[in-house]
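Worksheet: the structure to be examined is printed underneath.
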Amino acid sequence: MFLDCGRKLEKTHACTGRTCKLHAERSWEGQDANRGSSSCKRMYPPSRKDFISLTLSDPHSHAYNNGKHRRQSCWRKWKQLSRLQRSLILFLLALLLILGLLSYPSITEQWRGKQSPLDAQLTCTRSESVSNLHGAGFLEETQTSSFIIFRLFLFVVSTGPADRLEAVRDAFRHAWKGYKDHAWGHDELKPISKSFSEWFGLGLTLIDSLDTMWIMGLKEEFAEARRWVEKELSFDKNVDVNLFETTIRILGGLLSCYHLSGDQLFLEKAKDLGSRLMPAFKTPSKIPFSDVNIGKGTAHPPRWTSDSTVAEVTSIQLEFRELSRLTQEPQYQEVVNEVMKMVHTLPGKHDGLVPMFINTNSGQFTHKGVFTLGARADSYYEYLLKQWIQGGKTEDDLLEDYLQAIEGVKKHLVRKTGPNMLTFIGELSHNRFNAKMDHLVCFLPGTLALGAHNGLPGDHMDLAVQLMETCHQMYVQMETGLSPEIAHFSLQSSDGRDVVVKPADRHNLLRPETVESLFYMYRFTKDTKYRDWGWDILQNFNKYTKIPDGGYTSINNVRDPVNPGPRDKMESFFLGETLKYLYLLFSDDMKLLSLDKYIFNTEAHPLPIWPSPPK
Ligand code: DMJ
């Protein structure tokens with residue numbers, strides 16, 4: 001069934017995509033779905049069987065039962081170790097046991113002596129006293145060697161970069177297993193009910209995941225998915241798709257796969273899709289409609305408005321420009337450049353900050369006076385910088401708009417919390433400051449760092465470092481160690497907590513923005529704390545969102561580690577972005593998708609930075 005997105009828009013305010021996919025309620029689940037515009041998803045209500053499966057797996061499942069889970073996670077850790085590591089651990093454990101047995105007589109003798117057990121224990125911690133006891137020389141030696149062995153043991157089991165890479169690969173395989181078993185060829189996995197949901201009916205998760213598999217070296221999985229693209233993927237379908245989402249996930253995914261693999265199939269598919277998306281630009285203003293029917297070649301705005309979302313119309317440029325470069329057909333680049341040209345001179349900006357809506361008839365901003373770096377505006381800022389880099393840093397208007405916007409951010413949106421002076425980005429609504437930050441805004445540290453790496457002011461990097469800390473705090477201050485969708489910040493020092501979460505904002509959709517920024521921050525600073533933060537996040541995803549049989553799920557409540565409330569939905573960006581950025585964060589190979597050669601689109605699909613033209 002299709003949901004009435006227009007009606008739901010009025011009902012729900014929160015947005016969940018970096019460019020707000022309007023909320024629609026799935027009443028049978030009693031929770032929000034993060035989709036919107038008129039390309040709202042077609043959802044299948046769970047069957048009776050699905051419901052039973054959900055009920056059984058929730059409170060008693062391995063994933064949400066702490067005790068059992070801990071045992072399971074030890075076992076999983078054990079299974080993650082290589083054969084050599086396992087043998088070494090067993091050998092060391094055996095050695096420890098032997099040494100323990102050997103030292104047993106002297107310890108018991110000592111305890112049976114004049115001292116009370118408590119005294120003896122205290123004495124044993126101080127080596128000079130120990131050396132005065134009977135048999136102390138042997139005991140001391142035993143303790144020293146046990147200590148060394150124990151340290152060795154810790155070294156062996158501690159997680160180095162290779163273990164972390166393998167752990168991300170395992171997470172990907174696990175997510176993929178769920179998708180393959182229950183949602184193959186469909187848009188998204190519902191891992192608890194072991195079913196799927198459709199949005200566009202284009203195998204969204206499969207396509208979003210392709211380049212991640214390539215990067216992780218999962219050759220078999222990649223080959224199998226490629227066969228599906230070759231045999232099953234058809235864009236000749238009477239279906240309404242959202243221009244932005246289809247561009248960043250599918251067009252971006254196909255283009256990136258073409259570059260990584262050199263396989264012509266992906267370019268052919270990208271060309272077919274690109275040409276089918278073009279009707280979206282046939283509007284009075286040339287600002288594209290949000291939705292296109294890729295089978296019929298018709299386009300339209302959402303049912304309830306003739307506005308498009310600013311981030312949506314300004315975050316399709318990397319992909320369309322690249323398509324023109326590859327096909328030598330200028331029309332793709334022309335239509336998206338026209339949008340940027342119009343927005344460049346448009347009235348209604350506030351020191352470079354843009355409103356959230358733009359009208360497809362008049363080409364003017366609407367709902368003026370509200371400014372955010374979160375949903376509906378976010379990737380506008382990201383794509384200003386990235387287009388400038390993609391094109392060889394020659395398009396001055398893009399740079400000018402980006403630099404002005406960051407000044408606007410600093411002037412109007414940056415504040416510090418009262419309790420711990422955490423720097424955050426708030427929102428402005430008709431000159432009223434709101435200390436609210438979407439998790440989506442956590443893309444910004446990465447983007448700022450990328451700009452600084454490309455020669456932009458050093459204070460952009462300072463801000464990046466501070467915001468990265470705040471995004472990290474949005475995770476660590478939660479009981480599950482996972483960030484809420486939206487955080488509110490305390491401005492008074494007497495408030496106690498920096499991060500406050502409203503009941504409606506406590507969900508986590510497995511989003512990538514923080515790990516995305518951690519990847520950039522690590523690449524540019526080599527500060528290993530960023531890797532450690534990413535590692536903690538991966539472990540918490542494993543602890544609270546992993547479904548035993550396969551797949552990961554969004555959760556309802558990051559503040560409740562006992563019942564985080566699985567939502568039965570694995571977003572395609574978890575495989576396309578979150579796990580990819582984690583993998584790149586832990587990889588020591590700095591040449592793997594070098595940031596001097598590639599630019600990542602907003603769905604983490606790498607596209608080449610254009611070679612400069614011969615002089
Ligand atoms: C992704 O589709 C993209 O990163 C987009 O820019 C924002 N929303 C999701 C991830 O959160």
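FYI, residue positions are counted from 1 along the chain as it appears here.
In case you wondered, yes, glycine gets a Cβ from its N, Cα and C as well.
Under the heading transmembrane segment, TrEMBL lists 87-107.
Here TrEMBL flags GLU245 (among others) as active site, proton donor. Under the DSSP three-state reduction, GLU245 (active site, proton donor) is assigned to helix.
What TrEMBL records for ASP378 (among others) is active site. When other Cβ atoms within 10 Å of the Cβ of ASP378 (active site) are tallied across all protein chains shown, the result is 29.
The disulfide bond annotation in TrEMBL covers CYS442-CYS471. Listed in sequence order, LEU467, CYS471, MET474, SER483, GLU513, THR514, GLU516, SER517 are the same-chain residues six or more apart from CYS442 (disulfide bond) with CB atoms under 8 A from its CB.
TrEMBL lists GLU485 (among others) with the feature active site, proton donor.
Annotation comment: TrEMBL describes GLU513 (among others) as active site. When secondary structure is read from DSSP and collapsed to three states, GLU513 (active site) falls in the helix class.
In three-state terms derived from DSSP, THR602 (Ca(2+) binding site) belongs to neither a helical nor a strand segment and is classed as coil. Cβ contacts within 10 Å of THR602 (Ca(2+) binding site), excluding its own Cβ and spanning all protein chains shown: 29. Annotation source TrEMBL lists Ca(2+) binding site at THR602.
Residues from the recorded positions list (GLU245, CYS442, CYS471, GLU485) with a C-beta closer than 6 Å to any atom of ligand 1: none. The Cα atom of ASP378 (active site) lies nearest to that of THR602, taking the recorded positions GLU245, GLU485, THR602 as the candidates. The number of other Cβ atoms within 10 Å of the Cβ belonging to GLU485 (active site, proton donor), over all protein chains shown, comes to 25.
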